[in-house]
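Asker: Reproduced below are the annotations present in TrEMBL:
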type: ACT_SITE; residues: GLU112; note: active site, proton donor/acceptor
type: ACT_SITE; residues: CYS144; note: active site, acyl-thioester intermediate
type: ACT_SITE; residues: HIS277; note: active site, proton donor/acceptor
type: COMPBIAS; residues: 478-492; note: compositional bias 'Basic residues'
type: COMPBIAS; residues: 510-519; note: compositional bias 'Basic and acidic residues'
type: COMPBIAS; residues: 525-539; note: compositional bias 'Low complexity'
type: COMPBIAS; residues: 550-560; note: compositional bias 'Low complexity'
type: DOMAIN; residues: 203-440; note: domain 'Hydroxymethylglutaryl-coenzyme A synthase C-terminal'
type: REGION; residues: 457-565; note: region 'Disordered'
Amino acid sequence: MQNGIWVSKICFSPSHKSLIAYIFMLTSNAAENVGIDAIEFYFPRNYVEQTDLEKFDSVSSGKYTIGLGQQEMGFCADNEDIVSISLTATSNLLEKYNIDKDSIGCLVVGTETLIDKSKSVKTALMELFGGNTDIEGVDVKNACFGGTQALLHAIDWIYVKYPYEKRCAIVVLADIAIYDSGPARCTGGAGAVAVLIKPNAAIPIDRFSSSVCMKNTWDFYKPIGAKVTEYPVVNGQDSLHSYVLAVQTCYNTYREKVKRIHGKNVKLDDFSAIFFHCPFTKLVRKALAILSDLDKHNTSESFDGIELMNNRVLMDNSIKTSEQLWKEKTDDFLVFNRRIGNMYTPSLFAQFMAFLTSTDWLSEPREPSMLFFAYGSGFASAIFSARICLESPALPKLQEVARAAFKRLDERKRFSAEDFTRVLKMREDLLHSEVPFTPKATDCADLDLKLPVLMARSRSSDSSEGSQNHYSEDEGRSHRKSPPKSKSKARRRNDDDDYSRDSRPRKKERRSESREDRRRHSRTRSPSPHRGSRSSRSSRNNDSKHRGSARSSRPAFSSSLTNIGPPAIDQNDFDSWMGILSNIENQKDNDYVREKYWQFLDRYPYCYGFWQKFAEFEKRQGNLTEALKVWEKSILAIPLSIDLWLGFLAFMRELSQGMNEKEEEIRELYERALSIAGLEFQSDRLWLDAIGWEQHQYVQALLSGRHDASAVHVGKLFDRLLATPTAAHSTHITRYAAYINGIEPDVLLTDEEYEDVLSKARKNVTTGIDDLFRDEEVTRFVKLAEDGRTWVQVDPSASEEEGVRIVVGREKKHDADLLHFMRYEILDRRQKLHQDTALFTAKRLNFENQIKRPYFHVKPLEFHQLLNWIAYLDFEIQEGEDERVNVLFERCLIACALYEEFWIKYARWMWAQRKSESKVRDIYQRASVHVGNSAQLAIARASFEEARGDFEGAIEVLEKFKRQYPGFVVVEMRILSTMRRQVESEKNSNYADVITAYEKLIYAPDTSRHLSSFYAEKLARFLAKVRNDRKAADKVLRKAIERDYDNIKLFLQVIDLVYSTEEMSETSVLDAFDFALKSQLGLEDKIRISQRKLDFLEELSSDVELIEEHEVYHYSLVSQLPATAPIRTRFMNGNGRLPMAPMQWGMGGVPQQMGQVMNQQPVFAPTVVQAQIQPPVQLQIVENVASVASVGQTPETFNSPIAVAESTPME
């Protein structure tokens, strides 16, 4: 046996030569370093916050976020299934890495998600490979472990087949994890990972040392039964114990194998990162603690991980002792798992994607390595390791794709817990549906009112094409449909990677979905049809010429004119827009009208009135689908606008009028409106509209003869309204009292409250139990109203008229005394609630009364209005109710949209309270619509990105702002400082890029002379203080002096450079002073420099002759000043001052001859006066001259009299 190959010692005959050639081929072309060379990660764009699920499930706060360690949960609607997400991931992998489809010889899919009981997902993926049908592999299934086993199968295939096929393998790990209602529902998730497996990969996987542990348990399974369902049967306790047993056993086996094969002992510290299958992150935390304890035990037999996990005290201690290991090797890489949830098979590799976004491992002295623990219930588990080949050319692309996936986390759309539950109901319908199946989900499922049904009853069939799927058929249509469509849809779905598909069907693309996404969760308001937007136009001519700037102090930039159709106008000129839109509906070109409306509303989304005008325009044109889209986008742009909600609700009621089956859907829309805008202080009209609609539904139920007629919904809405502080809160209790006095309590109250009120009221009456209430037959005469849809009651005398019908029903009538006490008890309970709310309202009434302009306008707000908003926000923040603070910020930003301070305050509060990067970025994105020309906003946003560790993102924010609004020195300096901090954070001493950026600013052809000197001062300081390269700093300053020869600050910097060294050289300092004194500086500047030299010599020189020589020179300079010069030195500026003739200077700055005293009587001033300088240059006494060169810094004083000119801020 040689090199692992058995070789015979006998001589081979010619017939054996072919065999020898085959063996030689295998040994010479054997696959090595097989592993992952490309990777793609797809996850759904929908998510729900775990905090919302906690409230929805009525569990204690923190149960899911702290107890399980989860933040968000991604989910798929019924327009995505396991085939669609697998197609997306695989297609993106092929396209992003330019993979030749003919180079694939094996395709294996690991999933447990059911779409077909017979047909594998792999067969559907074959549509992506064109004519290449020679691809091995099918699906692998075992709960969450199937994907890992598929990966190992593919690696084995490469080792066997690659030597003579030279083809690669693709593995797809995909699942959709959802659970039935209950404690496990919060642990769902969804995702798909596709990887390319090949030899000499960027991420070689050690297949030979991998270990497995497999047993038969019933902790999690999906039985075949009469009911079709996606929900598994879960035994939580058994599942946790199985997980711990698997991780302990696998790790012990793995250590034994590595020692046997490689001859070394393995510990967790040997790996750069440790990844675990992650049902929820708290379980991973415990698993790592168990492995850490295993490392500390010499023998694995004496260690019981299950016992450790069940003992809270021991478990807490293990967690504490493994904290450093957790932070360094696992915690940071769980970001996808925390924010998407349990993805089943992709869960493990989501952590690997997060690891690729980091750069810390690039500086490790050894080759980065990773340990993977895979687990699937039932159970099957494995541990294997991998390493990163830093020299691989594929590594940069892997990191790029990983970073793109990380950014997409913040581009997803948040849904409420109610909407999430509704989506799961849609998925149940999917499983029971016929084929082909049309999804019900839209881009915003909570606004979906089944448009095709509504439109069919409201407009002609030729003008209605059904619902346009906002989420787009292209992006994730369910594959329960005819096969021919799948291929094209999968191909189009590839664009979903960037989540930027436009959702509005128009002839021209006018707005990107990213902008819509930015506003999707906006909670803003506009209580009137843009009051004041058109009045007193002449008074606004000077207030709105720039981009909504509300303060003249803000830097103004000329805006380039943009052609948006005749006439050519400035998009930022609000008055010009008013001129166009005032007569726009007289235009005959409907496309032109739509274009102008969209362009205006993109720029001024808070103008309520124009959303309504646009929707009414589409309605008049008969475009009900387009009108509905306008309404939907309007409430996404201004979710707190009561007027928009009322208009939208009226529109939807009109569409669904007479369609009793749509009653519940309209009720859900009202509920959405109240949950979003119900806390608005001016929301009374919305509440009363909802109550009025419920009252109407109750009356219609009575008149139509329905036996289930009930006003319980009316009662519930009144209860919520009485507990909500609103402007007209004091009137609602009277309105409620009037209503209950005209209705029987059993119709209004819930069953529980009715029984409670009845029991208390019975104690106050003596009526017998049989006489407390009675059932009466009630006869009503009704007919349809003129609209043909609504029932109205008519007088019995009209019973013979055509169309009148008789409705007979039975109603419970209470005894008069009993009814009196019941109504008293009901009202008394609400009165207490009303009083508490009144006190709550009174605390805020003063702030509310001072809000004079709650709507948006480009005119500046009065100063006291701004102060009131600030005080109101600070009050609510101190009160500590996050929901109310959030609503108040959104209200404030309507009126204060053009003041970046409020946007920044909102973003900082959001991060402090919610720790949600997506919400903070959403705020900054929305702010950029209104105050995009604010340098302060750009810097605040860049600071946020930098604080999260995304230096590239921070620099990109600033660079984008600089391209749009050049000329801000403060932005240039922030870019440079961010670049410097990035180098420092990477513990890298290579500042070449920073220096290059400084030099570009200094030598840019459009940089003025003085601004170039400013940047040169900054670069010199950087070189001296950060690089500790004073020679380079001196060179920079002297080159700057060549350009800006009369800039005294540059000379002072040169002097300070040598003066502030640790081992100061007197000769070097004097040479710097003489360099300045021989320059082309003006006389007064030279006198200032000379005075400093004199002070330096007086205090620090060891040669008195030098002092005397320089005194003579200094006096000669002073003598050249006119008598009225404001500068003063040690000479007295008075009648006793005698002018002196200038000296003649020789080489080296030594005076050759004293000037002749004109009156032959040199007079020396008896008083020493500290040098002073008049503006624009201010003198301060400082220890370190260089410390004053930076903008806005205050120099520190010291005992030396050296006075230095302080740099004036240039930003």
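Every residue, even glycine, has its Cβ placed from backbone N, Cα and C.
TrEMBL: automatically predicted annotations, no manual curation.
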Asker: In Å, rounded, how far does the Cα of HIS277 (active site, proton donor/acceptor) sit from the Cα of the residue listed as 'active site, acyl-thioester intermediate'?
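Answerer: That comes out at 8 Å between the alpha carbons.
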Asker: For GLU112 (active site, proton donor/acceptor) and the residue listed as 'active site, acyl-thioester intermediate', what Cα-Cα distance in Å is obtained after rounding to a whole number?
Answerer: 7
Asker: If I restrict to non-local contacts, at least six residues apart, and a C-beta distance under 8 angstroms, what lies near CYS144 (active site, acyl-thioester intermediate) in its own chain?
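Answerer: Sequence-distant Cβ neighbours: GLU112, ASP175, HIS277, PRO279, TYR344, THR345, SER347, ALA374, TYR375, GLY376, SER377.
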Asker: What is the number of other Cβ atoms found within 10 Å of the Cβ of GLU112 (active site, proton donor/acceptor)?
Answerer: 26
Asker: So for HIS277 (active site, proton donor/acceptor), how many other CB atoms are inside 10 Å of its CB?
Answerer: 30
